[in-house]
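Here is the structure we will look at.
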Amino acid sequence: MAQNDSQEFAELWEKNLIIQPPGGGSCWDIINDEEYLPGSFDPNFFENVLEEQPQPSTLPPTSTVPETSDYPGDHGFRLRFPQSGTAKSVTCTYSPDLNKLFCQLAKTCPVQMVVDVAPPQGSVVRATAIYKKSEHVAEVVRRCPHHERTPDGDNLAPAGHLIRVEGNQRANYREDNITLRHSVFVPYEAPQLGAEWTTVLLNYMCNSSCMGGMNRRPILTIITLETQEGQLLGRRSFEVRVCACPGRDRKTEESNFKKDQETKTMAKTTTGTKRSLVKESSSATLRPEGSKKAKGSSSDEEIFTLQVRGRERYEILKKLNDSLELSDVVPASDAEKYRQKFMTKNKKENRESSEPKQGKKLMVKDEGRSDSD
């Protein structure tokens, strides 16, 4: 049987199934011969392929350290949070003073997105978590090993991702090929009729105090509005703390924040007062002696008003002011004569008051002692 097969193969080989071109040319000549090509074949097909140059990627380069500053962009992108108090029963609350979100593990956190101008069709909203402090910002924020092994039920998101999107089946979870950072994005949806914002529900799947995870290191959540190709249209960020009692922690941190602000304000006021006093003392020290005004004279014509509490003080200050006004009017020579006359009159009155009346002799202490002796 095998021998018959080999004979048939040899006969086929001898017949040479490859079509030989007329004239004994090469088989490649058939390709160049238009007789053997279909009528729809484009002879410039390969030239067009070679002339096409590779186009650069429209995706922006990935940054090792993501930017956290607010960027509303041309569309006026910004965030809002529902108002909530500091009661112990709240599961999610936002502090405008701190720009910080306090929430419980795996609880719903509504984030409202507002734009002034609608973004292009197909735009997406992305949420990324990074560490706030510079010494930790290069590390990837991920769940602790304990919560990572805990089944979540839906299995839609990778186990290591901290941020989840609730109630949206179109959420896409990504891990960057270069930085390995985790992010989740959803298609941007225009606000519903009568509403000004679009709401996205976020879940944080690990506590801030978990060992092996965030380990009490503060984190930021960056919300970006991007085109379908990854071009940035807007960016906002806020701090997040995942804890057991969000209301209590918010109240405590806001109280500490206000105390720090008051301390800084008092320190600035004290520093400014000290600087002004030092400046005045230095200017007084550097002032030449010749610039000092002579006592008893005043060439300043500016008038001031002084408010005094109490009639007695007013009379004293009035007499003092009248004396100063009189000294400015009376010449110095006449003032000296009046002063001498006043002193002489006072001495005479003192001498008369010291003499005893009705001829009685004033007993001196030493004289009385000598008589007794």
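If you go along the chain as it appears here, the first residue is 1 and each next one adds 1.
Cβ coordinates are placed from backbone N, Cα and C, and glycine is handled just like the others.
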In Swiss-Prot, of the candidate ranges 173-204, 205-236, 301-332, the one given as region 'Oligomerization' runs 301-332
Checking 97-104, 113-120, 241-248 against Swiss-Prot, the stretch recorded as region 'Interaction with DNA' is 241-248
Note: in the chain of Cys206 (Zn(2+) binding site), residues six or more apart in sequence with C-beta under 8 angstroms of its C-beta are Leu105, Arg143, Cys144, His147, Leu162, Gly213, Met214, Val242
What DSSP gives for His147 (Zn(2+) binding site), in three states, is helix
CB contacts under 8 angstroms to Lys88 (site 'Interaction with DNA'), restricted to the same chain and 6+ apart in sequence, sorted by sequence, are Cys245, Gly247, Arg248
Within the same chain, the residues 6 or more beyond the ends of the region 'Interaction with DNA' (241-248) and with Cβ under 8 Å of it are 85-93, 100-105, 204, 206-209, 214, 218
Least surrounded, by Cβ count within 10 Å, of the binding-site residues Cys144, Cys210 is Cys210
For Zn(2+), residues beyond Cys144, His147, Cys206, Cys210 with C-beta within 8 angstroms of the site's Cβ centre include exactly Arg143, Pro145, His146, Glu148, Met205, Asn207, Gly212, Gly213, Met214
